[in-house]
Amino acid sequence: MNPAHLLVLLAVCVSLLGAANIPPQPLNLLQFKNMIQCAGSRLWVAYVKYGCYCGPGGTGTPLDQLDRCCQTHDHCYDNAKKFGNCIPYFKTYEYTCNKPDLTCTDAKGSCARNVCDCDRAAAICFAAAPYNLANFGINKETHCQ
């Protein structure tokens, strides 16, 4: 084999090894983001670091109604995980958006439908809850005990 080809092959292998360390992104986050946009007027990024429960993880007492929406969403995902091999963060689903109405269309009782119902309920809850800017980007270690 030509030494130049070996170098190219080596470079490809090394870059693939680096890519293997990149964590996979949840597949349904795009769907959840779109549901949030359908149900309400705030951008989805407004919820990423809000309160004690919005965004990754969650602990302590929710700070307000919006934070309770996120806590309820977390618990809903926990319940969805109990049905067979259901991994909510990676499960895609079918739904329709007729602003501001959301309809989940997968078969009732399926993993996809359970996850969709969780995201739908959260998006509707987000749209109805007041937004307290003081709860965005808080220090969870001091405020969420």
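Heads up, the Cβ atoms here are built off N, Cα and C, so glycines get one too.
Of the listed cysteines CYS69, CYS70, CYS76, CYS86, Swiss-Prot assigns the disulfide bond with CYS118 to CYS76. Among the candidates ASP64, ASP74, the one that Swiss-Prot lists alongside TYR53, GLY55, GLY57 as binding Ca(2+) is ASP74.
Listed in Swiss-Prot as the disulfide partner of CYS54, from the options CYS13, CYS70, CYS86, is CYS70. The disulfide bond recorded by Swiss-Prot for CYS111 reaches one of CYS86, CYS97, CYS104, CYS125; that cysteine is CYS86. Among CYS97, CYS104, the one Swiss-Prot lists as the disulfide partner of CYS116 is CYS104. A gap of 20 Å separates the Cα atoms of CYS76 (disulfide bond) and CYS38 (disulfide bond). Annotated pair ASP119 (active site) and ASP74 (Ca(2+) binding site), C-alpha to C-alpha distance, rounded: 10 Å.
The closest partner of CYS52 (disulfide bond) among the recorded positions, by CA position, is CYS70; the full candidate set was CYS69, CYS70, HIS73, CYS111, CYS116. In space, HIS73 is the closest of the recorded positions GLY55, GLY57, HIS73, ASP74 to CYS125 (disulfide bond), judged by Cα positions.
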